[in-house]
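Notes for the one structure printed next.
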Amino acid sequence: MDNQNPLRVDGEIDLIDHLRQRFTKPPKGLPGVGLPGVGLPGVRLPGVGLPELIVGIGDDAAVLRAGGKNVLLTTDAMVEGVHFDMAFATPFQVGHKLVSVNVSDIYAMSGIPAYMLMTMSIPVGRVAEADGFVAGFLDGIESALATYAVELIGGDVTSSRGGISVSATLVGFTERPVLRNGAMAGDGIYVTGNLGDSACGLHLLQRINRPVAIERPETITETMTETMSPPLAWQVIAPLLRRHLMPVVSAPVDVSKATAMMDISDGLSIDLRRLCTNSGVGARVYESLLPQSVEMIEAAAFLGLNTTMLALCGGGGLPIPLHIT
C-alpha cells in the first residue's frame, strides 16, 4: 500500500512557494477592474465592501477580515491511489478523514470550524452500486460533521473517468489567527496528541492486508489478528488503526499565549522545519520528551520499527496541531 503523495516534501514545498510568488501580489487599488456589474476584485458594488485579505498563500488557512470577523478558509483534496486505497480503507473512513484533515487546518489557525463545501468526482459505475462507495462515504462525512459541529452547505458532484477524487473547503472563525511565522527564540514546542500512532497504524494495516471497519467494532473479532504470529492484542492494534484510518483531531486547549501554530500531518520533522523557516528560528527536539503511546511502543517493537523515527517522520496524514508558546 503506497499512501505517499508524489508532491510531498521538496516537491510540495517548491510548488507552494511558486504559487505564493506568482499569485501573491500587492493590491493595485484601481477601480473598475473586471467585468462591469460583477463582484470581482477591484469592482465595488453599491453598499458592498470587499473583505480584507489578512493572510494568503502559505499558511494552514487563508484569513479574511469581513463584517468585523476573522474568517478562515482552507481546502484539502483526497485522491484514490494517492491519499487512500480502497483495498485498505472503507468508504466511511475516507469520508470521516476528509473532514478531519480540513478541521485540523482550522484548529492550527486557532479557529473554530463552522461550514463546509464538498466536491465529489466519482466513476459512474461506483455511484450506482447499492452498497458501494457513496453511501458509506456520506455516512463518514455525516459522522465527522456531527463530531466537529460543522454544517455542510454546498459543493459539487461530477462523474470521473478515473478513480475517486474528493475535496472539501472549510470555513471557520477566529478571534486571533495564530500563524506559522511568529515563533521566537526560547519558545516551547507542544503537540495536541501522541506522535507516531498513525504511521504505526499504517504498518499494522499493511500486515493485516485488508480493510478494517474500525467504525463498526462489533463486526471485528480477535481472529483478524491471526495474520500476525504471535498476534498482538486487539487492545493494542485498535487505537493505532483508528488514528490512521479515522483520526479525530483535538483542538488546542489554550492558545492565548501561542506565538505560532501549524498542522503537522506530514510529520513533526518536516512541518517543524517549515514553521521554523517561516519564523526565522531553529528548534531543538529532545528524544526523551517526544509523546508516544504505550500501544505504539508495543506495536513498534513487534514490527521491528524505531519509535523515534515513527514519532519524528511518521505523519501518515494524521492531523495534529502543533503550537509554539
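Heads up, the Cβ atoms here are built off N, Cα and C, so glycines get one too.
Per TrEMBL, the features are:
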BINDING   ASP60, THR74, ASP105  Mg(2+) 4 binding site
BINDING   ASP60, ASP105, ASP263  Mg(2+) 3 binding site
BINDING   THR75, ASP76, ASP156  Mg(2+) 1 binding site
BINDING   ASP76, ASP105  Mg(2+) 2 binding site
BINDING   HIS83  substrate binding site
BINDING   GLY155, ASP156, ARG180, SER265  ATP binding site
BINDING   ASP266  Mg(2+) 5 binding site
DOMAIN    58-173  domain 'PurM-like N-terminal'
DOMAIN    185-297  domain 'PurM-like C-terminal'
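Positions of the features from TrEMBL, shown on the structure.
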residue : record                : contacts (Cβ under 8 Å, 6+ apart)
ASP60   : Mg(2+) 4 binding site : THR74, SER104, ASP105, ILE106, ALA108, MET109, ARG180, MET261, MET262, ASP263
GLY155  : ATP binding site      : LEU117, MET118, THR119, MET120, ALA168
ASP156  : Mg(2+) 1 binding site : THR119, MET120
> So what's the average pLDDT for the domain 'PurM-like C-terminal' (185-297)?
Replying inline: 86
> Within the domain 'PurM-like C-terminal' (185-297), how many residues are helix, strand or coil going by DSSP?
Replying inline: 52 helix, 7 strand, 54 coil
> Using DSSP, what's the helix, strand and coil tally for the domain 'PurM-like N-terminal' (58-173)?
Replying inline: 37 helix, 49 strand, 30 coil
> Where among the binding-site residues HIS83, ARG180 do you find the Cβ with the fewest other Cβ atoms within 10 Å?
Replying inline: HIS83
> What is the Cβ neighbour count of THR74 (Mg(2+) 4 binding site) at a 10 Å cut-off, with all protein chains included?
Replying inline: 24
> Any idea what the Cα distance is from THR75 (Mg(2+) 1 binding site) over to SER265 (ATP binding site), rounded to a whole Å?
Replying inline: 14
> For the ATP site made of GLY155, ASP156, ARG180, SER265, how many Å separate the two farthest Cα atoms?
Replying inline: 31
>> Counting only residues 6+ away in sequence within the same chain, which have a CB under 8 Å from the CB of ASP76 (Mg(2+) 1 binding site)?
In response: LEU98, VAL101, ASN102, ASP105, SER167, ALA168
> For the binding-site residues THR75, SER265, which one has the sparsest Cβ surroundings, going by other Cβ atoms within 10 Å?
Replying inline: THR75
>> Please report the three-state DSSP label of ARG180 (ATP binding site).
In response: coil
